[in-house]
Amino acid sequence: MASGMEIDEENNHNNENKGGMWDLEQKLDQPMDEEAGRLRNMYREKKFSTLLLLRLAYQSLGVVYGDLGTSPLYVYNNTFPRGIEDTEDVIGALSLIIYSLTLIPLLKYVFIVCRANDNGQGGTFALYSLLCRHAKINTIPNQHRTDEELTTYSRTTFHEHSFAAKTKRWLEAYPFRKNALLILVVVGTCMVIGDGILTPAISVLSASGGIKVDHPKMSNDVVVVVAVIILVGLFSLQHYGTDRVGWLFAPIVLLWFLLVGGIGIFNIWKYDSSVLRAFSPVYIYRYFRRGKRDGWTSVGGIMLSITGTEALFADLAHFPLSAIQLAFTVIVFPCLLLAYTGQAAYLMQNKDHVADAFYRSIPESIYWPVFVIATLAAIVASQATISATFSIIKQALALGCFPRVKVVHTSKEFLGQIYIPDINWILMVLCIAVTAGFKNQSQIGNAYGTAVVIVMLVTTLLMTLIMLLVWHCHWAVVLIFTALSLVVECTYFSAVLFKIDQGGWVPLVIAAAFLLIMYVWHYGTVKRYEFEMHSKVSMAWILGLGPSLGLVRVPGIGLVYTELASGVPHIFSHFITNLPAIHSVVVFVCVKYLPVYTVPEDERFLVKRIGPKNYHMFRCVARYGYKDLHKKDDDFEKKLFDNLFMFVRLDTMMDGCSDSDEYSLFGQQTQHSRDYNGNSSTTNIELSYSSMDSIAPVRCHPQGDNTLTSSGHESNQTEIDELEFLNSCRDVGVVHILGNTVVRARRESRFYKKLAIDYIYAFLRKICRENSVIFNVPHESLLNVGQIFYV
């Protein structure tokens, strides 16, 4: 087995060949032992020069910080929707904004939460997958011990009597706790989807409002129409991907930050420099004491100053953490403070202009250039949130929590850049409906605040478990972090509750709809998997049929697709019961997703033999991470057969090595072998073998022209005979056998279960993509086997 350092160097070399320096950083962030960690840090310092780090920090501005950077467009308007009565309220509001930006985005997210990434991947499902590797909380029990041997399946161990071990046992004790944690993650995901709808609406509408400031007599409907046109254009361009249109993002956002920071300095100098006293937290106390309930509810508007923080975490995969931290501390944080302070200075002398504080505080000579940059920045902010929505839905899809939809990878270079057509148009329709329905940014801001604060609360609760199970922090440290986070966020949450009837209900309705869809889909998936597990065919039954399986074995290879990673699925017995023939070679293909961000290509396939050799039955498990793209194409099929033929060679070589019925051999060696087409190659082999229903991760790396070194003539002849037989069957033809299942609730089931399974789940199955489309199976070689499951 290669050492952890060798694996890391190999992965880093591959990532460099792909040109993804931030992918390298993700690999370097993998937990390792102390010595490997020291070498990792030396390697990181060597590779990430100052110049490279500055370039990556510059690029991160356009992808990560667009949403957070456009908040000055609408914060003061939503904080004082009824106007400003006392200028001291401006100082109190500014003080709240300053400390909100310091506590949440800067301290909590940039320096703590972002370090809890899953090999560089962020978002609620990334945190959940990290927890799934440290505790058995996955609700679909389709994992095998060999999955834990993946190089990307990084996890830490802890002492049996530690607080982390007690927390782990507490989580695993009852299924209710596992389901509660999953629902918490799904709620956070639904709120991120709500962000993807509300961010474009409020950002673009606020930016478009600049037209009305210069033309006061213009109808508000014109502003709404302009915003809708921009939104349609924005969503229509999504299919090109951020890789093609993103080269403009970084300079636009950098120019935006420099402009708002510069305008802030100008306004402080011109209007009222006394606003700088807001850096004292005393004014927060005075603000609440003076404003009482109105001051408390205004916190919902102030909270909009930290919107985009969750998008920052969800978009983490594109850049190394050090670049994101540098960009925030050097550019984003100081420019935002200057922007809010400058607007406050302007409002001290023009408190009647709070409805359009941003645009009215702009010097007249640069008004229109700033308006253009503001509109472009709003588009960039929307793009970042939409991309984050696509990413988190892809993660939910991979973990069985979202109906099957088409996922298009828009970039060959960056794995995380994807486009989901169905979700894109749903987001566009809902976004336009919100924009045209409310017509003003105040009510949209109330809705936006509700979505943001709920996502933050979910992240805090997940971080508590991460700190215990993954980081092994002392319980006192965890308690301090959780208590401080909840105090701030519950304050925000209590403030937005007062605005539920003023637009705050919108994200709750949207989230409820998506929560129903996601939970019912996951519930149906789990029930179907449990049925297949309970009804799978026993090996004794297969052995009792004999080598012919009690049927005529016709030439060819049958690929039987199943969700089971072990055992013979019920679909197979259903098939051979109703048809008089089966193919000479049967391969059960299982495509499953693991709670890892990616599975390396050379570790993707697991091959098993089912029954004795003369049965010619195999299982091939193709494993994917939640960031991987599965395409059932010729390349996939070729890799499947490459691994199958390699397994046959290994199986023959191991024959006679032991007189035990079950044995295993772990090792990595280089064997000279000849592939099934007669071409010679050198293969790196890592073998985990068992004589009955064995598992062998097979790694094929053709490198040279040599011949097979066999332990004996008889073994070599057996191998050639089986290889020739398999190759001839493949030449005859490959048939893809898929189960076309109908899931129904049992007659004695409760009403809510019948509603969920017979109506909602059935409807989702009808409108989502078929397995044959996902696997891209040609119709001429497709065979659907229909069956009904009663769950």
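Note that Cβ sites are derived from N, Cα and C of the backbone, with glycine treated the same way.
TrEMBL annotations:
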{"type": "DOMAIN", "residues": "56-542", "note": "domain 'K+ potassium transporter integral membrane'"}
{"type": "DOMAIN", "residues": "555-788", "note": "domain 'K+ potassium transporter C-terminal'"}
{"type": "REGION", "residues": "1-21", "note": "region 'Disordered'"}
{"type": "TRANSMEM", "residues": "48-66", "note": "transmembrane segment"}
{"type": "TRANSMEM", "residues": "90-111", "note": "transmembrane segment"}
{"type": "TRANSMEM", "residues": "179-202", "note": "transmembrane segment"}
{"type": "TRANSMEM", "residues": "222-240", "note": "transmembrane segment"}
{"type": "TRANSMEM", "residues": "247-269", "note": "transmembrane segment"}
{"type": "TRANSMEM", "residues": "326-346", "note": "transmembrane segment"}
{"type": "TRANSMEM", "residues": "366-393", "note": "transmembrane segment"}
{"type": "TRANSMEM", "residues": "414-436", "note": "transmembrane segment"}
{"type": "TRANSMEM", "residues": "448-470", "note": "transmembrane segment"}
{"type": "TRANSMEM", "residues": "477-498", "note": "transmembrane segment"}
{"type": "TRANSMEM", "residues": "504-521", "note": "transmembrane segment"}
{"type": "TRANSMEM", "residues": "541-561", "note": "transmembrane segment"}
Within the predicted model, mean pLDDT of the domain 'K+ potassium transporter C-terminal' (555-788): 68
Of 90-111, 179-202, 247-269, 326-346, 448-470, whichever stretch has the most CB pairs under 8 A to the transmembrane segment (222-240): 179-202
Non-local residues, at least 6 beyond the ends, that sit with Cβ under 8 Å of the transmembrane segment (366-393): 62-67, 69-70, 73, 123-125, 189, 192-193, 195-196, 199-200, 203-204, 206-208, 210-211, 214, 230-231, 234-235, 238, 242, 245-246, 248-249, 252-253, 255-256, 259, 263, 308, 310-311, 314-315, 317, 358-359, 402, 405, 416-420, 423-424, 427
Stretch-level contact, the transmembrane segment (477-498) and the transmembrane segment (90-111), CB cutoff 8 A, at least 3 pairs: yes
Dominant neighbour of the transmembrane segment (90-111) in 48-66, 247-269, 326-346, 414-436, 448-470, by Cβ pairs under 8 Å: 326-346
Distal contacts, the transmembrane segment (504-521) - CB-CB under 8 A, six or more residues away: 183, 186-187, 189-191, 193-194, 197-198, 300, 396, 400-403, 430, 434, 444, 446-451, 454, 496-497, 756, 760-761, 764
Stretch among 326-346, 414-436, 448-470 sharing the most Cβ pairs under 8 Å with the transmembrane segment (247-269): 326-346
Tertiary contacts of the transmembrane segment (448-470), as residues 6+ beyond its ends and Cβ separation under 8 Å: 78, 104, 112-113, 116, 124, 127-128, 130-131, 134-135, 155-156, 158, 163-164, 167-168, 171, 181, 184-185, 187-188, 191-192, 194-195, 198-199, 202, 300-301, 303-304, 306-307, 309-310, 313, 477-478, 481-482, 485-486, 489-490, 492-493, 495-496, 499-500, 504, 506-508, 511
Residue numbers, six or more beyond the limits of the transmembrane segment (326-346), whose CB comes under 8 Å of its CB atoms: 53-54, 57-58, 60-61, 64-65, 68-69, 71-72, 75-76, 90-91, 93-94, 97-98, 101, 105-106, 110, 254, 257-258, 260-268, 270-273, 275-276, 278, 305, 353, 357-358, 360-361
